[in-house]
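Some notes on the structure that comes next.
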Ligand code: G3P
């Protein structure tokens, strides 16, 4: 079950940027919550793993883990089983981010385990072909992010628009219920609007918001451009 597959979504991955450590994660999450409440646009956050439960308890918007491991809640030191995400109260997790890749069969098992726990799965793919292969697991979301554009400020929707349109088509040919997001280099409200016009239901974004001098203002810019545009 997705967290709102029928309207544009902005997912902010805090990664491990310095700005998002400790209280920084809370500050950015609260700014995102405030924008979501004022604009009505769905905004979700993925703070550093060690801040997960505190962020969950501090905001009312969906909170995601950045990664889960296909291990049991047992003697698995330092790993993050889906059960830990569930117990923290988070809504779901990013899986297979290009900075934390997993074998495809592991992705499939994790999507199943997340579904069984009632958690939302947001699976990342680097290309439309990979997205189509991962779509057979029917995650809630697939985010297509060309790795070479991540963190560059060169938006996938501007420099590689065909990756989004082909990706949406490829995913929906396999699994029409999967909601497709895109990401990598998204830096402005116009990039967000273009992503949605190309067929994505929203964006997975990091540096432009997390590293911004005023993250709240940047989320607001993104949200204003996302509202009123319809994705597929
Ligand atoms: O998870 C989002 C990410 O990989 C994109 O990063 O900094 O290009 O928005 P960024």
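Glycine residues also receive a Cβ, built from the backbone N, Cα and C atoms like all the rest.
Among the candidates 40, 118, 185, 189, the residue that TrEMBL names alongside 13, 14, 15, 150 for the substrate site is 185. Ranking the binding-site residues 13, 14, 185 by Cα distance from residue 145 (active site, proton acceptor) puts 185 first. Separation of the C-alpha atoms of residue 185 (substrate binding site) and residue 97 (active site, electrophile): 15 Å, rounded to the nearest whole number.
Checking the recorded positions 14, 15, 145, 185 for a CB within less than 6 Å of any atom of ligand 1 leaves 145, 185, listed in sequence order. Counted over all residue pairs in 13, 14, 15, 150, 185, the record's binders of substrate, the longest Cα to Cα distance measures 14 angstrom. Mapped onto three states, the DSSP output places residue 13 (substrate binding site) in strand. The Cβ of residue 14 (substrate binding site) lies under 8 Å from the Cβ of 20, 25, 28, 45, 46, 47, 48, 66, 206, 210, each of which sits 6+ residues away along the same chain.
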